[in-house]
Amino acid sequence: MILLSFVSDSNVGTGEKKVTEAWISEDENSHRTTSDRLTVMELPSPESEEVHEPRLGELLGNPEGQSLGSSPSQDRGCKQVTVTHWKIQTGETAQVCTKSGRNHILNSDLLLLQRELIEGEANPCDICGKTFTFNSDLVRHRISHAGEKPYTCDQCGKGFGQSSHLMEHQRIHTGERLYVCNVCGKDFIHYSGLIEHQRVHSGEKPFKCAQCGKAFCHSSDLIRHQRVHTRERPFECKECGKGFSQSSLLIRHQRIHTGERPYECNECGKSFIRSSSLIRHYQIHTEVKQYECKECGKAFRHRSDLIEHQRIHTGERPFECNECGKAFIRSSKLIQHQRIHTGERPYVCNECGKRFSQTSNFTQHQRIHTGEKLYECNECGKAFFLSSYLIRHQKIHTGERVYECKECGKAFLQKAHLTEHQKIHSGDRPFECKDCGKAFIQSSKLLLHQIIHTGEKPYVCSYCGKGFIQRSNFLQHQKIHTEEKLYECSQYGRDFNSTTNVKNNQRVHQEGLSLSKAPIHLGERSVDKGEHTGNL
């Protein structure tokens with residue numbers, strides 16, 4: 001094995017030598033042209049019986065004080081061994097820097113280090129006060145304050161303050177992943193990514209919360225967790241002002257306003273805002289219901305649904321409103337309820353600007369603009385926006401009236417109609433007119449009444465321009481122009497254009513009134529036959 005080193009004559013008179021650089025060559029033509037003399041020394045191979053480890057003085061010259069001459073032909077086929085490498089192997093130290101305390105094998109390395117060091121133990125940044133030992137580190141740090149990014153990526157044009165950061169970034173384009181986990185084989189672009197990943201295997205959690213003691217693998221996870229204690233919500237929605245502790249939660253929330261649903265079911269095409277909702281939806285197609293209630297036998301696809309269902313049997317309502325004390329089985333129902341107190345309506349229709357507190361109401365409302373009617377009656381083919389409307393409609397065909405009044409026995413198709421009817425017995429009239437004090441059982445009746453005070457007649461006949469307060473009167477009036485007569489007298493077969501006129505006709509037969517004295521109803525007014533004197 002042959003060791004090559006370049007030695008320069010620093011003082012010709014004394015013969016003093018100094019190592020300035022060391023390198024290896026496989027080809028004599030690759031040697032630099034230099035004034036330095038080449039010192040060649042034969043070293044014993046590791047296989048030889050007598051192994052001699054020379055001192056640094058022996059590497060720089062002849063042990064007996066005589067210079068070893070050499071010719072260029074002697075270094076053919078030399079191995080890659082340098083003075084620096086040799087000193088690392090033997091552990092011998094040549095020089096110690098008085099400023100940094102570092103050991104250096106070559107005097108040239110020591111000189112380079114001393115040029116880097118600035119006078120004084122710490123060299124602070126004049127902007128932020130951070131201290132650095134080396135001038136090059138301070139220069140790189142100052143670039144970060146200036147915002148200067150002199151290193152630009154050729155692929156995408158992104159700029160960086162340090163060349164090392166550019167080199168790391170370029171691995172994204174090349175796909176190079178130098179750092180490999182020796183446990184699972186996963187590779188990473190950045191060394192920091194490998195270090196963080198290895199904590200998964202080691203179980204190390206160095207980042208601990210000072211408030212509750214919970215520990216985390218990553219500092220970013222700790223920062224997010226601390227917002228639970230501080231209630232900080234730095235990510236704010238520009239549409240509604242709602243704040244979030246994580247940027248990912250803000251991005252997901254913004255889909256409510258944009259209507260974006262990136263997760264689509266391959267089976268039926270239904271799309272979702274969250275990936276978790278899509279995963280839950282997929283089980284509808286597989287029809288797997290593995291969680292069964294022991295009380296009633298009802299089965300569920302998700303364990304969480306079973307737990308919620310069991311609260312019906314136990315009566316447990318763990319989610320309580322702080323404002324009014326009302327309790328709920330589900331947390332989602334509590335969140336919806338709390339919007340009554342806060343007045344929050346986060347779901348905004350892009351078509352008309354109407355706001356909603358619940359996603360279900362918002363989705364249903366959008367069908368008004370799209371004209372989509374998903375729920376169709378099998379009996380008559382009539383379609384509806386809501387499933388509840390279809391269920392209510394189907395009772396017309398079945399004749400089912402499940403809501404019966406306990407006072408009078410009258411039955412109704414809808415629970416809302418029963419509730420309104422019961423106010424007749426209780427005398428409850430919760431809807432009062434602010435102008436005259438008149439009270440009504442139904443809110444719709446109050447709205448109709450208030451039009452009397454405003455004088456508004458929203459229903460205008462397109463034939464004659466006459467206005468009406470109530471839609472029912474407007475529809476009856478239009479039948480005069482269309483000559484539509486839907487109601488027939490059961491005794492004489494006479495046709496009428498309203499149920500009111502049919503009832504009046506029946507009263508004529510029952511009371512034995514002459515047709516000449518029976519009133520004729522025209523629209524909203526009734527005229528006696530005796531008054532037909534040409535004033536009409």
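Including glycine, each Cβ sits where the backbone N, Cα and C put it.
Taken from Swiss-Prot, the feature compositional bias 'Polar residues' covers 64-74.
What Swiss-Prot lists as compositional bias 'Basic and acidic residues' is 522-536.
Its own atom aside, the Cβ of Lys445 (SUMO2 cross-link) has 16 Cβ atoms within 10 angstroms in the protein chains shown. In the three-state DSSP classification, Lys445 (SUMO2 cross-link) falls within a helix. The SUMO2 cross-link annotation in Swiss-Prot covers Lys445.
Annotated region 'Disordered' per Swiss-Prot: 57-77 (among others), in sequence order.
According to Swiss-Prot, the region 'Disordered' annotation covers 513-536 (among others).
The zinc finger annotation in Swiss-Prot covers 123-145 (among others).
Per Swiss-Prot, zinc finger is recorded for 151-173 (among others), and the stated evidence type is sequence analysis. Model confidence over the zinc finger (151-173) is summarised by a mean pLDDT of 84.
The zinc finger feature in Swiss-Prot is assigned to 179-201 (among others). Cβ atoms under 8 Å from those of the zinc finger (179-201) belong to residues 168, 171-172, 217-218 of the same chain, restricted to positions at least 6 beyond its ends.
According to Swiss-Prot, the zinc finger annotation covers 207-229 (among others), on the basis of sequence analysis. Taking DSSP states H, G and I as helix and E and B as strand, the zinc finger (207-229) has 11 helix, 4 strand, 8 coil.
Long-range contacts of the zinc finger (235-257) within the same chain: residues 224, 227-228, 273-274, 346-348, 359, each at least 6 residues beyond the stretch ends and with a Cβ under 8 Å from a Cβ of the stretch. Positions annotated as zinc finger by Swiss-Prot, on the basis of sequence analysis: 235-257 (among others).
The zinc finger annotation in Swiss-Prot covers 263-285 (among others), and the record cites sequence analysis as its basis. Long-range neighbours of the zinc finger (263-285) within the same chain, counting only residues 6 or more positions beyond its ends whose Cβ lies under 8 Å from a Cβ of the stretch, are 252, 255-256, 301-302.
Annotated zinc finger per Swiss-Prot: 291-313 (among others), in sequence order. Applying DSSP to the zinc finger (291-313) sorts its residues as follows: 11 helix, 4 strand, 8 coil.
What Swiss-Prot lists as zinc finger is 319-341 (among others), and the listing cites sequence analysis.
According to Swiss-Prot, the zinc finger annotation covers 347-369 (among others). Long-range contacts of the zinc finger (347-369) within the same chain, counting only residues at least 6 positions beyond its ends with a Cβ under 8 Å from a Cβ of the stretch, are 239-240, 256-257, 259, 336, 339-340, 385-386.
Below 8 angstroms of C-beta separation, residues 364, 367-368, 413-414 of the same chain, each at least six residues beyond the ends of the zinc finger (375-397), sit close to that stretch. Sequence annotations record features per position, and here Swiss-Prot assigns zinc finger to 375-397 (among others).
The zinc finger feature in Swiss-Prot is assigned to 431-453 (among others); the stated evidence is sequence analysis.
Only residues 6 or more beyond the boundaries of the zinc finger (151-173), in the same chain, are considered here, and those with a CB under 8 A from a CB of the stretch are 140, 143-144, 189-190. Same-chain residues lying 6 or more positions outside the zinc finger (319-341) and placing a CB less than 8 Å from one of its CB atoms are 308, 311-312, 357-358. The stretch from 207-229, 291-313, 431-453 with the most CB pairs below 8 A to the zinc finger (459-481) is 431-453.
Away from its own ends, the zinc finger (291-313) comes close to residues 280, 283-284, 329-330 of its chain (Cβ-Cβ under 8 Å, at least six residues beyond either end).
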